[in-house]
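Structure first, commentary second.
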Ligand SMILES: Nc1nc2c(ncn2[C@@H]2O[C@H](COP(=O)(O)OP(=O)(O)OP(=O)(O)O)[C@@H](O)[C@H]2O)c(=O)[nH]1
Ligand SMILES: [Zn+2]
């Protein structure tokens with residue numbers, strides 16, 4: 001007897017307040033507004049995305065907070081700038097001579113042009129606790145798919161919170177990725193015949209705050225009681241849609257659909273975590289850095305990101321909602337195997353998913369094999 005997958009839409013749940021607060025803060029940060037982040041110690045900082053730093057926005061932040069602004073960068077970015085040894089977490093950079101918009105741009109953005117190197121001799125660097133407000137603001141910038149850098153200012157102790165400035169808790173920022181994944185529900189599904197897999201359906205999953213959807217392409221009628229042939233595919237606009245030859249994503253996407261189609265049944269989860277979780281705009285910055293000589297991993301580090309910022313809680317949640325307990329995972333990436341197992345999905349088998357180089361992506365494939373543990 002087979003157990004068909006469950007593709008009935010889940011009930012609409014009200015969005016939990018912490019998810020809404022983070023979602024709003026993301027939007028504010030992206031549009032260049034000042035927000036307030038409150039840390040575990042209840043202290044508040046006012047912050048601005050480093051990408052939004054201009055002479056005017058810095059002056060505005062200084063007036064709102066009644067304090068001098070400082071820059072917050074990841075320990076990775078500080079490391080590649082050679083200002084301190086690379087380290088996890090975030091760091092506070094105070095500039096005695098005053099923080100300028102040009103200094104923000106030069107320090108936060110490795111692909112910035114036409115900006116003179118600032119005088120870094122007056123810089124003071126302070127490591128930040130992960131649960132403090134300023135460190136959380138960098139996590140928020142990552143959620144906003146901006147450069148992982150903010151400008152912050154701490155109002156004097158006892159100062160009243162300003163009216164009209166959005167307040168978000170550091171703890172809610174930290175919990176957001178997992179909470180958003182837990183809140184995913186199946187919203188809609190439809191039959192979509194695909195080249196190489198005509199008996200296919202696409203199901204969409206949306207988090208409770210109305211954030212970006214993830215998709216499941218269900219081919220044939222997988223049996224939920226058996227290990228299901230499954231591919232976790234991270235979104236790659238350039239490779240999947242445009243056929244970019246810089247990576248192997250397009251081949252892997254179409255190859256997985258064809259392979260699952262031939263096998264008769266299986267699932268491809270199409271995860272909205274473009275550019276290994278840094279977003280398309282940052283991935284284009286990473287490509288520019290790669291054209292300057294960095295490999296795909298070092299380009300991420302130059303930007304201040306980890307080499308891979310993806311999480312697999314959404315994938316595990318989608319599989320659970322569909323009723324899949326065990327998978328035969330189409331991947332060369334051991335991190336995917338480990339992550340799914342850690343999130344309660346049995347990986348009964350790893351099925352290699354290798355495609356020949358196309359003449360443009362040799363270095364990319366070589367780096368994946370030699371530096372990120374891909375099994376080719
Ligand atoms: N940051 C960054 N992301 C890239 C680059 N090239 C491709 N990507 C992204 O890398 C991800 C590749 O996803 P997958 O093919 O699912 O993952 P993988 O780690 O290669 O693992 P398997 O293909 O399963 O072996 C996609 O999100 C792409 O957008 C790059 O140079 N920089
Ligand atoms: Zn790609």
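Any Cβ shown, glycine's included, is placed from N, Cα and C.
Residues or ranges marked as domain 'GTP cyclohydrolase II' in TrEMBL: 189-352.
Taken from TrEMBL, the feature GTP binding site covers 231, 232, 233, 234, 235, 252, 274, 275, 276, 296, 331, 336. Secondary structure at residue 274 (GTP binding site), as computed by DSSP, is helix. Residue environment of residue 274 (GTP binding site) contains 21 other Cβ atoms, counted within 10 Å of its Cβ in all protein chains.
As annotated by TrEMBL, Zn(2+) binding site applies to 236, 247, 249. For residue 249 (Zn(2+) binding site), the count of additional Cβ atoms within 10 Å of its Cβ stands at 21 [all protein chains shown].
Per TrEMBL, the feature active site, proton acceptor maps to 308. When secondary structure is read from DSSP and collapsed to three states, residue 308 (active site, proton acceptor) falls in the coil class.
Remark: residue 310 (active site, nucleophile) has 234, 271, 273, 276, 277 as non-local neighbours, by Cβ distance under 8 Å and separation of at least 6 in sequence. Taken from TrEMBL, the feature active site, nucleophile covers 310.
When pLDDT values are averaged over the domain 'GTP cyclohydrolase II' (189-352), the model yields 97. When the C-alpha distances from residue 274 (GTP binding site) to the recorded positions 236, 247, 249, 308 are tabulated, the minimum falls on 236. Relative to residue 235 (GTP binding site), the recorded positions with Cα atoms inside 10 Å are 249, the candidates having been 247, 249, 308. Rounded to a whole value, the Cα-Cα separation of residue 331 (GTP binding site) and residue 247 (Zn(2+) binding site) is 15 Å.
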